[in-house]
Amino acid sequence: MDNHMLNRISKSPILPVVSYCMASILMTLTNKYVLSSPGYNMNFLLLTVQSTVCVAAIGILKRLKVINYRDFDFREAKFWFPISFLLVAMIYTASKALQFLSVPVYTIFKNLTIIIIAYGEVLWFGGHVTALTLFSFGLMVLSSIVAAWADIQSSSFASQTLNSGYLWMVLNCLTNAAFVLAMRKRIKLTNFRDFDTMFYNNLLSIPVLVICTLFTEDWSAENIAQNFPPDAKFGVLMAMAISGVSSVGISYTSAWCVRVTSSTTYSMVGALNKLPLAIAGLVFFDAPITFGSVTAILLGFISGVVYAVAKSQQQRQKDPATILPMTHNPVSASSQSMRDSLSKS
């Protein structure tokens with residue numbers, strides 16, 4: 001394949017969009033596979049493996065000159081550490097919520113983070129909420145209520161388990177919003193790019209996660225055997241590694257998508273991606289398919305599309321040039337992700 005063909009492929013909008021969706025779905029499903037394994041209770045270990053694999057993967061990609069990011073600097077690491085600590089809180093609460101809730105319900109409730117972030121931007125960054133954005137928020141809340149109702153009606157789990165799942169989901173929405181808003185401010189001060197952010201986030205989270213797994217999780221032989229039974233050990237470890245690589249894929253394809261299309265297109269893709277993600281959860285994990293669950297998924301999907309359109313209109317009013325692909329410097333995917341809330345995951 002000649003360089004001209006490779007160049008055409010790299011600039012095609014279809015491949016990065018599909019790649020982003022596949023990476024996002026793959027990460028969520030592999031996480032759910034591990035967390036739904038019978039008796040699995042070592043969430044911090046899972047997150048440690050993911051972060052370690054992620055750092056190793058982007059290190060290899062940097063050596064191959066596929067990507068580039070800053071070399072480690074102790075001063076920058078000290079300045080960035082609080083963000084990584086918030087990241088640990090966010091990904092741990094996300095893992096607990098995903099452990100107790102079905103993939104469709106988890107996906108729908110993640111929309112609520114967008115609302116918290118939007119009003120956080122109003123308070124701290126001078127943002128504003130338009131009527132159409134407010135309407136999309138109403139749809140998000142409605143879809144979450146319908147999803148919770150359908151989940152409670154059809155769930156075979158004990159009510160205590162469901163309550164735990166929704167409690168972790170609320171905590172995840174709050175920690176997710178805190179992480180995104182704090183990271184936005186730090187990015188402005190450090191001028192970090194996508195892979196700078198990814199490198200420091202994952203590298204600095206590793207020692208925190210190692211301490212948490214060593215001191216809060218049961219490392220007895222019996223519990224290790226329960227978490228990694230001989231007949232499923234390889235599959236669980238492979239899923240852990242794949243989820244770590246998928247997080248790299250999400251970051252890379254996010255930047256790629258923004259570069260060859262526009263930040264608006266990226267926002268829309270994030271909204272549209274919720275539908276196949278929810279459907280994948282129904283297909284692969286036998287989540288109950290009821291009128292309520294399907295209605296909630298459709299409402300969540302529509303709310304995401306309306307939100308993306310609202311953000312597109314705001315961007316158009318702010319700077320007409322930015323709605324045209326390749327007519328401006330690419331927006332940092334991490335910054336855009338902050339506006340639109342995705343575990344990348």
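From the backbone N, Cα and C atoms, a Cβ is placed for every residue, glycine too.
As annotated by Swiss-Prot, topological domain 'Cytoplasmic' applies to 1-8, 62-78, 128-131, 183-194, 255-264, 310-345, with the evidence given as similarity to another entry. The transmembrane segment annotation in Swiss-Prot covers 9-29, 41-61, 79-101, 105-127, 132-150, 162-182, 195-215, 234-254, 265-285, 289-309. If you look up Swiss-Prot, you'll see 30-40, 151-161, 216-233 marked as topological domain 'Lumenal'. As annotated by Swiss-Prot, region 'Disordered' applies to 319-345. Sequence annotations record features per position, and here Swiss-Prot assigns compositional bias 'Polar residues' to 329-345.
Most Cβ pairs within less than 8 Å of the transmembrane segment (79-101), among stretches 9-29, 41-61, 132-150, 234-254, belong to 41-61.
Between the transmembrane segment (132-150) and the transmembrane segment (289-309), the number of CB pairs under 8 angstroms, six or more residues apart, is three or more, so the stretches are in contact. The transmembrane segment (234-254) shares more Cβ pairs under 8 Å with 41-61 than with any other stretch in the list 9-29, 41-61, 105-127, 195-215.
Using a Cβ-Cβ cut-off under 8 Å and counting only residues 6 or more beyond its ends in the same chain, the transmembrane segment (195-215) has close neighbours at 42, 44-45, 47-48, 51-52, 54-55, 58, 62, 67-70, 72, 76-77, 80-81, 83-85, 87-88, 91-92, 183, 187, 247-248, 251, 255, 334.
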